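**Q** Below: one structure in structure tokens.
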Amino acid sequence: MGQTLFDKVWNRHVLYGKLGEPQLLYIDLHLIHEVTSPQAFEGLRLQNRKLRRPDLTFATLDHNVPTIDIFNIKDEIANKQITTLQKNAIDFGVHIFDMGSDEQGIVHMVGPETGLTQPGKTIVCGDSHTATHGAFGAIAFGIGTSEVEHVFATQTLWQTKPKNLKIDINGTLPTGVYAKDIILHLIKTYGVDFGTGYALEFTGETIKNLSMDGRMTICNMAIEGGAKYGIIQPDDITFEYVKGRPFADNFAKSVDKWRELYSNDDAIFDRVIELDVSTLEPQVTWGTNPEMGVNFSEPFPEINDINDQRAYDYMGLEPGQKAEDIDLGYVFLGSCTNARLSDLIEASHIVKGNKVHPNITAIVVPGSRTVKKEAEKLGLDTIFKNAGFEWREPGCSMCLGMNPDQVPEGVHCASTSNRNFEGRQGKGARTHLVSPAMAAAAIHGKFVDVRKVVV
């Protein structure tokens, strides 16, 4: 019997344990940041342990970094976390993409951009959106701080193998509809827990035709569908992306092995979902989890339970309204979901020649310094600034309310991030998850049908 892609990568990394029980996995790459690593490093010190594989451990600063004055960190806790990681990197011999360095940025962008993320690897990080790296045909998943310490000490991790869920996506995406709309539609349709206990393999002609940026967007939000893992078969698009990157010096001798990473025709999946995207619309969330979304043309649904009522109360909306009825106050282009170069290029096409409404605060936060530099070479910064956007330094920024970039209480934000929970972007902030194109088209203060304005 054939194997799934996920099974192939998993089985190659099992050091000990039987199927159906926790198995000891070898970890090929450990990515860390300033929030979930301090206690783990301290645990090593208390036990007088060394870092097992500093050569497989890479750090960046992203969650707490300011995006305006990056070297003036006013928050004491944020400053302590950042300086602690800088010291730990020195003490334990960890390569760090430090503040202001050419590669610094959001951890899930730094890995792919530097060539650290590669097909067939097991990759962990103390961050729930680590599934992003699964777009390369890797097994990548988020872990907690105690698990971070375990990987520090042993370069291994106990995990129970999940079931396999195949999501077969076909059809040509309509103009103005993107990878972000695909994953939002899946979560809206099947719920925030449909992937619980599964590894999601995204397949089909639509996936094959996506860029690596689009594939990363889809895998990034596997966790919002309840899954720890999202994975896509590596192909020539993947290999071309990895080739020539700083940490991909093993490319020539590895690519033939990477071509073996695919699900066999006779592989058995525990569940299969099929999706035709040929009539898919732009998606907009109305509530307080990613499942609470609609097609742009649809009204918001009736109240079915207490959770719906609470969401409507928090968001200041009512059933029957539409996305175009929302009075927006913020537009945020950023996050590990949609702050890559192609995202900014697409948004710039819509923004060019327009002006941000006086009632709108619009900011662009490139996900990494690499993206920022490439965007500036293309003149994207000028396009955004001429339209009235703020052009910021890289970081997690407004995706989460733990740095200076926050949405004011009661204000609606068109956001390219991944979570719309209560308080996610700041106390009382009202988040609407959309694609970069939809966010860019909302600069006049209202959501509009981006299919009518995309160029």
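Cβ coordinates are placed from backbone N, Cα and C, and glycine is handled just like the others.
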**Q** For the [4Fe-4S] cluster site that Swiss-Prot assigns to CYS396, CYS399, which of CYS336, CYS413 is also named?
**A** CYS336
**Q** Taking the center of the Cβ atoms of CYS336, CYS396, CYS399 at the recorded [4Fe-4S] cluster site, which other residues in this chain have a Cβ no more than 8 Å from that point?
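**A** Residues close to the [4Fe-4S] cluster site, other than CYS336, CYS396, CYS399: ASP62, HIS63, ILE106, HIS129, GLY334, SER335, THR337, ALA339, GLY367, GLY395, SER397, LEU400, SER417, ASN418.
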**Q** What count of other C-beta atoms do you get within 10 angstroms of the C-beta of CYS336 ([4Fe-4S] cluster binding site), across all chains shown?
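**A** Taking every protein chain into account, the count is 27.
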**Q** What does DSSP say about CYS399 ([4Fe-4S] cluster binding site): helix, strand or coil?
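**A** It is helical.
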